[in-house]
Ligand code: DMJ
């Protein structure tokens, strides 16, 4: 083989070497399909081309190479997403059978309507589905004007309209000190103590993400009416009950329950959500300077957990202000003695100053709803502080109740003994007082924990089957589906207003991938709850109704006994209306809520400030004011009203937050 300048003397010297095979070297020509021959032949052809032709070809090659690289990259992405999707599908499919196996008789397979993300909770956590009625985009374009809106205003504008204040110094102040978009102005130099290093290192208020830190959201006229109602209620509280538990608006005084500023704490996150900066700031100062838990006072474990601990935790998450977490940790620790019982089922009452706990004087029983509706708060406190003792205590209660006998198709009795740990007063089943939030917290703990705790889901699904089997009936004449009660095998057509939490909870479950018939049931039940208002003379629901099972001339579906005709400004129907509107976008739910707000204004508003419970929802000319504004009117009722009238799904996004039973939003833990 020879390699070198084979054509010395040739005018074209732009090649360097040629390799000759033995035949060619020997002058043997003809067709030869060997690789070497083909290479040589191409090379000759290439040499015969003009410089221009070669440049064009080289350019084409270069162009094709660039195209190749681009399409390879995008193919890679496509391939990656296909692979991920199939992995996700596999994971989902693995989890479905696990649920089925856990309780084949009760748990229906999660609906797989179109295999979209909505059907699979794990996926929807990452990228929540958007209700069709919500438009995204710049904040002032996101919200469709409700029918009666004449114009939309920003939250900031709204405050202006309500307050009629000069903005100049407010703006300046805001620019100097605001740390977050929704409501509160927190001066940096005002921050109470330096954040407890342990707490702050362990856990940050997780859901305050950049996505949430957006422009003030425009609010509409109905929301503005809620803001006005809140400010009126707050005026009464501030003028006559500041720092006390509840306002007595008629006597212009207050009542104490625990002596811990219950209304103020319950209302903190509502002020934040409504954008009431000044009110929030003032209340924060009271928390920083005057809220003291080292007090010789008996508090109810459940009530102080859902209102105080829950309120402080959610305010911490919304504001990012460590003051609230410090206070939450303090009250959490002071409530722990309640769990020192023979059965670990907590006592109902704790002295938060002395560190002692006890059951009510007349019994050693606790209420089932109370011991099973403190979990969201204590679990979150453990997550934030890194101290497992809070979570262990409440998880133990749930495990124990899960394993107990005495349930009826998932329905639980109303009492549990703190010595034996057994249910007592067997045979009575209700979704109302003393059992209600047990069911609510089964679902909500499951959601909070990233939908991994199957026992909670099993108990929830079984209970809803129990409701369907034993407690559902239809009334006459309107055939309203309602949830009655069962006492030793006898059905009672009695329904507490408290039961109206259920449509919202069912809708939340369906949104998280549970059975689609739960949503159907939610739709029929919320209609019933609305009728509990609409069929009454004041348009306000009584505490308890009895439904007519038989058609009688001149009788409505709803009957009210004299002892039950009071209204305590409760939130449950408005709460469910909020969930129903969020998940369906059906404006009728907003309209129903609007009617209710107007009737609260008509019959319960006290001109000098505040709202009052009333004794008689059947007497519009004299509803008999009771002279008490419950803390949940500000903590829950008005908050849910405001959210119901909003079209912004990011205003407490239900794929990021779960509300405790006192309407305090807590973060859904991001799945590991
Ligand atoms: C609130 O304290 C809570 O919603 C609780 O779960 C039930 N009772 C009141 C409101 O009605």
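Including glycine, each Cβ sits where the backbone N, Cα and C put it.
Bear in mind that TrEMBL entries carry predicted annotations, made automatically and left uncurated.
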**Complete:** Among 49-76, 161-188, 189-216, 217-244, TrEMBL lists region 'Disordered' at 189-216
**Message:** If you compare CA-to-CA distances from residue 303 (active site, proton donor) to each of the recorded positions 436, 529, 543, 572, 661, which comes out shortest?
**Reply:** 661
**Item:** Shortest C-alpha distance to residue 529 (disulfide bond) - which of the recorded positions 436, 543, 572, 661
**Value:** 572
**In sequence order, those recorded positions of 303, 500, 529, 543, 661 whose CB lies under 6 Å from ligand 1** = 661
**Fill in**
All chains considered, the count of other Cβ atoms within 10 Å of the Cβ of residue 303 (active site, proton donor) is 17
**Request:** Give me the non-local Cβ neighbours of residue 543 (active site, proton donor): same chain, 6+ apart in sequence, Cβ-Cβ under 8 Å, ordered along the sequence.
**Result:** 496, 497, 564, 565, 566, 567, 568, 570
**Asked** Closest of the recorded positions to residue 500 (disulfide bond), Cα to Cα, picking from 436, 572, 661?
**Response** 572
**Request:** Could you list the residues of the same chain, at least six apart in sequence, whose Cβ is under 8 A from the Cβ of residue 572 (active site)?
**Result:** 497, 498, 499, 500, 501, 504, 529
**Length of the line joining the Cα atoms of residue 661 (Ca(2+) binding site) and residue 436 (active site), in Å** = 10
